[in-house]
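Undergrad: Take this structure, written in structure tokens, and hold onto it; I'll ask about it next.
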Ligand code: GLN
């Protein structure tokens, strides 16, 4: 059972081959057995099992929806009523959410079981899951390597079969990069497709929640639940949500794949390049045509992001002041001293670095030079995609320039770490949907992800294009050794 996809589990629950209570127990047992991965920050078996029993009762009454009774792990960035929600930070270590994020409410309404809250980089800042206050997460494919970040706990959990599926959030690559490094299928929807209400804000103009699972079909099942307008999120888009499972099998004969010239140059690991080229060759066999496109401002994506994201973060994180909720320093003098000590003790080094960069970039006198300039670059980057999409239907390339790196390898070099997202960040800056799918392995046996970028709100096409590839290949079925 633990190796079944969400679609298969849904069928097994429907035909009463297994109950949600049994399934939930089995996954909770595995979470416990593979604790050394550190994939979860909080598990609450009683709460999860109560949801499982309710799901079983609902199925018995014939009121089951596709996800009813399916255990889903939730990134610890989503507020879930009654659950501790830490966002990977000490400053929220004692915070029990008094309400649920829209995403959590939607999974609840679908009858899914909340299996636990997954580990993540502190406030989703990172590409390796090493900035979590709750410790590093290990990659099931090589436990001395990182799982990617910031949704590394979700990635490790699904890869090691501790959960059939999970949620992530992606501000600059945090769904796609960990999916690539752990052999998963992950989708960052178009900005506005999924509500951000109740999702702890990092950089509000870039953040987007999305599903992580093993197959495109499973991702479609989860996106069906997550997508949609929400009056509580002013940036949620009021556009109809198609049934994403309906178009998975569409013929992709004649599909035009754009390959950006800039994505295959310096900095790309040769073995990753080889796997990506083989995947493109497979698509040609499936009837796709390849055209070269250009994204001339790609090299500006990282500098642009590292002005805008910290600027937004410095503002968003000002709410953590030790007054309203979360951690408060024990010893302090006056009010200002309480703020200072609380934030000094409550935030980790990476978060402080971002707050400082952001505050600096937004200060009077520097605003025009940095923030305003970055906003203009952001437009140029979005325009590049617009032009490229005149010649193609999807853009493809590597998700990450390398496979999983060793724990600690980039911890002392933030710029090297920031380069992990070189291919993913521009997609967030433009607000486009992007996806990573398993495409093969390097010579060390580590997974490589293929990056798919779509036009605005073209998630259905991305899922279709991913599904067709998964029908023709079996990379996504491979399992890390030692977790059978
Ligand atoms: N690695 C990038 C960062 O550190 C992106 C993180 C994310 O997508 N949440 O900001």
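Note: Cβ is positioned from N, Cα and C throughout, glycine not excepted.
Residues or ranges marked as active site, charge relay system by TrEMBL: 75, 150. Under the heading active site, acyl-ester intermediate, TrEMBL lists 174. Feature annotation from TrEMBL assigns domain 'Amidase' to 22-463.
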Undergrad: Using a 10 Å cut-off, grab the number of neighbouring Cβ atoms around the Cβ of residue 150 (active site, charge relay system), all chains included.
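TA: Result for residue 150 (active site, charge relay system): 35 neighbouring Cβ atoms inside 10 Å.
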Undergrad: Near ligand 1, meaning Cβ under 6 Å from any of its atoms: which of the active-site residues 75, 150, 174 fit that description?
TA: 150, 174
Undergrad: Can you tell me how far the Cα of the residue listed as 'active site, acyl-ester intermediate' sits from the Cα of residue 75 (active site, charge relay system), in Å?
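TA: On Cα coordinates alone, these residues lie 11 Å apart.
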Undergrad: Write down the Cα-Cα distance for residue 75 (active site, charge relay system) and residue 150 (active site, charge relay system), rounded and given in Å.
TA: 10
Undergrad: Mean pLDDT, the domain 'Amidase' (22-463)?
TA: 97
Undergrad: Could you list the residues of the same chain, at least six apart in sequence, whose Cβ is under 8 A from the Cβ of residue 75 (active site, charge relay system)?
TA: 117, 118, 120, 151, 153, 154, 166, 167, 168, 169, 209
